[in-house]
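Report on the structure given below.
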């Protein structure tokens with residue numbers, strides 16, 4: 001019955017995405033934002049487990065899932081809003097911001113590429129991993145454009161964000177990074193959306209820098225990843 005209904009309506013995929021995310025958001029707040037209960041991570045795990053246990057094929061979910069994905073690309077326009085609001089900070093520290101984000105993103109791409117090549121991952125897997133520095137709304141279109149697997153890219157983005165959310169501030173202490181601009185840029189560049197949360201806990205400067213990094217990293221990924229693909233593949 002479930003399978004029959006799912007095959008004939010996109011509502012199944014939409015509800016399987018939205019309801020677990022909504023419930024996970026409540027759980028996330030109730031547990032004092034415990035990193036393993038990050039909404040994206042929980043809803044992803046639940047969705048995969050549900051499809052596996054019920055035997056419903058992924059293509060059935062994808063009918064509704066593609067509708068949500070359709071709205072991701074125009075949603076990227078919204079990222080211009082926080083950038084505009086923080087334009088004074090951006091102008092004042094533009095050289096540090098551009099330098100930090102540019103170098104950080106390129107180094108991250110080189111590390112991913114080197115590790116993946118040493119591990120002898122298939123090319124489509126490597127291509128799926130490269131855009132993970134950007135937030136999901138930007139990473140998925142980039143992945144599709146270079147021949148990656150969108151679903152694998154989504155997983156990489158989420159896991160990357162969860163790790164930075166959980167350990168980002170610990171890494172800053174480990175490497176004794178105390179400058180608020182550097183700390184904010186580091187968290188925003190490495191952890192995208194989830195990286196802003198620990199930056200907010202550190203202070204307003206860190207939060208501003210992380211928010212700016214979140215947007216600009218997406219721009220760098222869009223510009224640089226295709227160049228990496230052209231050079232190394």
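Keep in mind that glycine also has a Cβ here, set from the backbone N, Cα and C atoms.
It should be emphasised that the depicted structure is a prediction, and the values quoted were computed from it without experimental measurement.
Here's what Swiss-Prot has on this protein:
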type	residues	note
TRANSMEM	5-27	transmembrane segment
TRANSMEM	34-56	transmembrane segment
TRANSMEM	67-84	transmembrane segment
TRANSMEM	97-116	transmembrane segment
TRANSMEM	126-148	transmembrane segment
TRANSMEM	155-177	transmembrane segment
TRANSMEM	210-232	transmembrane segment
Between the transmembrane segment (210-232) and the transmembrane segment (97-116), do 3 or more CB pairs sit under 8 angstroms, pairs being 6 or more residues apart? yes
Verify whether three or more Cβ pairs under 8 angstroms connect the transmembrane segment (126-148) with the transmembrane segment (155-177), leaving out any pair fewer than 6 apart in sequence. yes
Cβ-Cβ under 8 Å with the transmembrane segment (126-148): same-chain residues at least 6 beyond its ends: 40, 69, 72-73, 75-76, 79, 105, 108-109, 112-113, 116-117, 154, 156-158, 160, 189-190, 192-193, 214, 217-218, 220-222, 225-226, 228-229, 233
